[in-house]
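These features come from TrEMBL:
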- ASP35: active site, proton acceptor (ACT_SITE)
- ASP175: active site, proton donor (ACT_SITE)
- SER8, HIS66, GLY142, PHE143, GLY144, GLY145, ASP175, GLY176, GLY177, GLY197, SER198: substrate binding site (BINDING)
- HIS33, ASP35, HIS66, ASP175: divalent metal cation binding site (BINDING)
Amino acid sequence: MKHLIAPSVLACDFARLPEEIALLNDSAADWIHLDVMDGRFVPNLTFGMPLVEAINRLTDKTLDVHLMMLEPERYVEAFQKAGADWISVHYEACPHLHRNLQQIKATGAKAGVAINPHTPVEALFPVLEEIDLVIIMSVNPGFGGQKFIYHSIDKIKKLKEEIIIRNLPTLIEVDGGVGMQNAQVLLQAGADVLVAGSAVFKAPDPKKAIQQLKNIGGLAL
Ligand code: DX5
Ligand code: ZN
């Protein structure tokens, strides 16, 4: 499978939201990554269902919703109704992760789990069969524009190996500090989906930046 690019709107100009989404619609972006932050699990606050719902009306692209929040089970159904195609919760916020994954899948959405930089990837192995997407956080969640944490590459490799051994369809997404400087290495390590916030929206030509990320490892499909 050709890798997927998921620009994160966290880095876009919210005063020009329709134009920014139109730009993504007209680009090689596969998914749109939406960072929901609650001010408790992470220090920052962003947006909730109303904005996801608005973006859903502006695009046909797949919506990849990353819930950086405590008790995400309270909002899973609402985010799916708002248009989320993929819903990811944080391992560190879910004492009943297996149940949370079932809940997400029962809504019809695909179920993802994000892990913080300090969480070993092996923590997910007991429930790997239940997970459609693993988000390896390569920065501490909460803010865009941070520096990539290099150890994340080892975690991608370990997880990829396990996914191959078990012959699972689970996708690996990398989130945080991703750009042209490390994309190739991440794909070689086994990443399937690259999230890019600043690398896309702070680039002089965001559409070109997306196309460049998509072109890595061959021609864009
Ligand atoms: C960080 C978010 C990321 C963020 C990535 O907490 O989960 O999705 O938007 O931004 P960049 O690509 O700028 O590191
Ligand atoms: Zn994210």
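The backbone N, Cα and C atoms fix where each Cβ goes, and this holds for glycine too.
Since we're looking at a predicted model, the values are computed, not measured.
TrEMBL feature annotations superimposed on the structure.
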{"residue": "SER8", "record": "substrate binding site", "Cβ contacts under 8 Å, 6 or more apart": "HIS33, LEU34, ASP35, GLY144, ASP175, VAL195, ALA196, GLY197, VAL200"}
{"residue": "HIS66", "record": "divalent metal cation binding site", "Cβ contacts under 8 Å, 6 or more apart": "HIS33, LEU34, ASP35, VAL36, SER88, GLY112, ALA114, ILE135, ASP175"}
{"residue": "GLY142", "record": "substrate binding site", "Cβ contacts under 8 Å, 6 or more apart": "MET37, VAL42, PRO43, ASN44, MET68"}
{"residue": "GLY177", "record": "substrate binding site", "Cβ contacts under 8 Å, 6 or more apart": "SER138, VAL139, GLN146, LYS147, PHE148, ILE149"}
{"residue": "SER198", "record": "substrate binding site", "Cβ contacts under 8 Å, 6 or more apart": "ALA11, GLY144, GLY145, GLY179"}
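Neighbour density for ASP175 (active site, proton donor): within 10 A of its CB lie 25 other CB atoms from the protein chains shown. The substrate-binding residues named in the record, SER8, HIS66, GLY142, PHE143, GLY144, GLY145, ASP175, GLY176, GLY177, GLY197, SER198, extend over a maximum Cα to Cα distance of 17 Å. One way to see the shell of the divalent metal cation site is to take the Cβ centroid of HIS33, ASP35, HIS66, ASP175; the remaining same-chain residues with a Cβ within 8 Å of it are ALA6, SER8, LEU10, LEU34, ASP64, VAL65, SER88, ALA114, ILE135, VAL195, GLY197. In the structure as shown, the Cβ atom of HIS33 (divalent metal cation binding site) sits within 10 Å of 27 other Cβ atoms. Around the residue listed as 'active site, proton acceptor', taking its Cβ as the centre, 24 other Cβ atoms fall within 10 Å, counting all chains. For ligand 2, none of the binding-site residues lies close by, meaning a CB under 6 A from one of its atoms; the full candidate list was GLY142, GLY144, SER198. In the structure as shown, the Cβ atom of GLY144 (substrate binding site) sits within 10 Å of 22 other Cβ atoms. Excluding SER8, HIS66, GLY142, PHE143, GLY144, GLY145, ASP175, GLY176, GLY177, GLY197, SER198, which define the substrate site, the same chain contributes LEU10, ALA11, ASP35, VAL139, PRO141, GLN146, VAL195 within 8 Å (Cβ to the Cβ centroid), listed in sequence order. SER8 (substrate binding site) falls within a strand segment according to DSSP. In the three-state DSSP assignment, the secondary structure recorded for GLY142 (substrate binding site) is coil.
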